[in-house]
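Per Swiss-Prot, [2Fe-2S] cluster binding site is recorded for C3, C6, C18, C25, and the stated evidence type is sequence analysis. Here Swiss-Prot flags H252, E276, C320, C408, C436, C461, E495, K497 as hybrid [4Fe-2O-2S] cluster binding site, drawing on sequence analysis. Residues annotated as cysteine persulfide in Swiss-Prot, with sequence analysis given as evidence: C408.
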Amino acid sequence: MFCIQCEQTIRTPAGNGCSYAQGMCGKLAATSDLQDLLIYMLQGVSVYATKARELGVVDPEVDTFVPKAFFSTLTNVNFDDERIIAYAKQAAEYRESLKNAYEAACEAAGKSAESLPPVAQFVLGTSKPEMLSQAPVALLNKDKNDIHEDILGLRLLCLYGLKGAAAYMEHARVLGKTDAEIAGRFHEIMAFLGEPSVDADKLFITAMDIGQLNYRIMAMLDAGETEAFGHPEPTVVNTKAVKGKAILVSGHDMKDLELILEQTAGKGINVYTHGEMLPALAYPAFKKYAHLVGNYGSAWQNQQKEFANFPGAVVMTSNCIIDPNVGQYSDRIFTRSIVGWPGVTHVVGDDFSVVIDKALALDGFQYDEIPHNITIGFARNALMAAAPTVVENVKNGSIKHFFLVGGCDGDKSERSYFTDLAKSAPKDSVILTLGCGKYKFNKLEFGDINGIPRLLDIGQCNDAYSAIQLAIALSQIFECDINELPLNLVLSWFEQKAIVVLLTLLSLGVKNIRTGPTPPAFLTANLAKILEEKFGLRNTTTVEADLKTMLNVA
């Protein structure tokens with residue numbers, strides 16, 4: 001086992017990364033090894049997908065399968081060995097199919113098939129023990145003693161960034177949005193990473209390419225969500241319980257939420273969002289469901305306590321899931337799509353009857369709690385509509401600064417930095433937030449500036465796209481570069497979606513971003529220095545010191 005992809009990975013003087021019997025996320029060594037093997041198989045598929053594409057052979061099934069299966073290896077997504085093995089076997093079948101199609105296309109074109117790299121020729125074992133014995137071939141740091149640590153760091157930056165992009169591709173696909181050109185570029189990068197490079201410049205360029213690719217993917221996802229559900233609008237949301245039977249929907253998949261709402265209509269069940277599903281409540285399409293009563297709980301890391309206290313059924317539509325046995329609710333939590341946990345019921349297809357039956361059999365909430373409201377829904381359209389008013393308040397001096405404070409949440413005490421930063425932001429500043437990092441402060445009162453709320457919740461982590469559009473619009477209005485705006489980005493990171501959002505921002509030329517609470521363990525000190533010199537990327541320090549720098553206070 002070697003896994004170093006998330007913020008909570010083990011860090012010791014002897015070396016970084018989880019490499020023992022179990023990772024900090026709860027992932028067992030065997031699961032980690034199988035995931036590495038799956039990635040290796042997917043890279044082999046992408047090699048053939050890329051070569052076949054050069055001859056005009058495109059398989060849409062493969063184009064959707066590879067990102068989806070890759071998504072299953074993100075932090076806190078799938079801990080079920082049998083599901084990972086099934087993905088690996090499916091990858092082997094797709095690779096063989098593409099191999100045959102590629103060779104047939106070569107023959108038809110009168111050319112010889114190329115000799116492809118080992119990753120495209122690897123023969124997957126037929127049993128779990130055999131696959132585990134093959135794991136060293138796919139270990140991400142297998143050649144660490146033969147290469148410079150910066151090379152390994154750059155490879156991992158690319159791999160983890162591409163994982164985040166794969167997740168957004170799958171979210172978009174669920175909403176009916178795919179793009180053959182994007183899929184082709186995705187395969188090219190997967191294939192490149194399957195043949196480990198030692199060229200630092202090429203790896204760095206690839207990291208930026210991944211950021212650019214993800215910008216297009218986020219635009220595609222934004223289109224999928226807004227075309228399906230309308231544009232989010234400022235919406236007041238209750239965060240307390242309502243009397244009645246209950247289902248909690250966590251993750252990111254709004255299509256699943258829609259299906260659950262349709263199937264629970266008239267059944268006396270209240271539906272709540274959780275975590276990154278909170279932004280769904282701002283979409284017009286969901287407002288017709290009176291039994292979508294609000295948001296329950298907070299960010300992913302608190303789920304073992306919150307789900308244990310929730311007297312209904314829970315559906316995990318995507319990341320993040322953690323051990324449900326701790327809170328003894330494994331019999332009433334259900335997984336979907338790429339999510340998996342051993343022993344937990346997995347819902348296949350679009351029928352949520354098993355979830356509904358469980359919710360009806362449980363007690364539900366026995367009384368209404370005193371409501372506590374928050375306001376959400378300041379995504380792209382709402383921000384653009386407010387832009388003239390915002391500009392006017394900037395010009396008259398009422399708004400002097402903007403902070404984007406968001407990203408992933410986590411349980412490290414150092415993450416109180418983000419709460420303190422939001423609290424300490426000057427009263428003449430506006431705070432934009434997104435991702436589950438918002439839960440560090442989104443229930444606090446920040447007031448307004450001439451009717452403009454000082455806290456603007458943009459949405460999910462992928463709604464960084466909305467923030468980028470606002471920044472571009474403001475830079476055009478003020479006729480300046482984005483980096484000349486009175487705007488500072490302070491991003492909390494935890495997993496691979498945050499990595500790819502960061503790469504996207506860097507690839508767009510956004511500078512002086514702060515990240516925290518700790519830098520990625522796979523980034524060497526030298527790489528961190530290069531990123532700081534090139535982009536001004538730096539780690540958070542203290543709220544007082546960082547605010548002085550951001551506000552140019554002597």
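From the backbone N, Cα and C atoms, a Cβ is placed for every residue, glycine too.
Location within the structure of each feature annotated in Swiss-Prot.
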residue: C3; record: [2Fe-2S] cluster binding site; DSSP class: strand
residue: C25; record: [2Fe-2S] cluster binding site; DSSP class: coil
residue: H252; record: hybrid [4Fe-2O-2S] cluster binding site; DSSP class: coil
residue: E276; record: hybrid [4Fe-2O-2S] cluster binding site; DSSP class: helix
residue: C320; record: hybrid [4Fe-2O-2S] cluster binding site; DSSP class: coil
residue: C408; record: hybrid [4Fe-2O-2S] cluster binding site; DSSP class: coil
residue: C436; record: hybrid [4Fe-2O-2S] cluster binding site; DSSP class: helix
residue: E495; record: hybrid [4Fe-2O-2S] cluster binding site; DSSP class: coil
Comparing the Cα of C6 ([2Fe-2S] cluster binding site) with the Cα atoms of the binding-site residues H252, C436, E495, K497, the shortest distance belongs to E495
So around the [2Fe-2S] cluster site, C3, C6, C18, C25 aside, which residues have their CB within 8 A of the centroid of those CB atoms? I4, Q5, Q8, T9, G17, G23, M24, K27, S32, T75
Which ones, of the binding-site residues H252, E276, C320, C408, C461, K497, have a Cα no more than 10 Å from the Cα of C3 ([2Fe-2S] cluster binding site)? none
For C18 ([2Fe-2S] cluster binding site), what is the secondary structure by DSSP, using just helix, strand and coil? strand
Those residues of the chain, 6+ apart, with a Cβ under 8 Å from that of C25 ([2Fe-2S] cluster binding site): C6, Q8, C18, T75, N76, I322
Packing count at H252 (hybrid [4Fe-2O-2S] cluster binding site) (other Cβ atoms within 10 Å of its Cβ): 25
Using the centroid of the Cβ atoms of H252, E276, C320, C408, C436, C461, E495, K497 as reference, list every other same-chain residue with Cβ within 8 Å of it (recorded hybrid [4Fe-2O-2S] cluster site), in sequence order. G275, W300, N319, G435, Q460, F494, A498
Residues satisfying Cβ distance under 8 Å from K497 (hybrid [4Fe-2O-2S] cluster binding site), sequence separation of at least 6: L74, G164, A167, Y168, C408, C461, N462
Which has the fewest other CB atoms in a 10 Å radius around its CB: E276, E495, the listed binding-site residues? E495
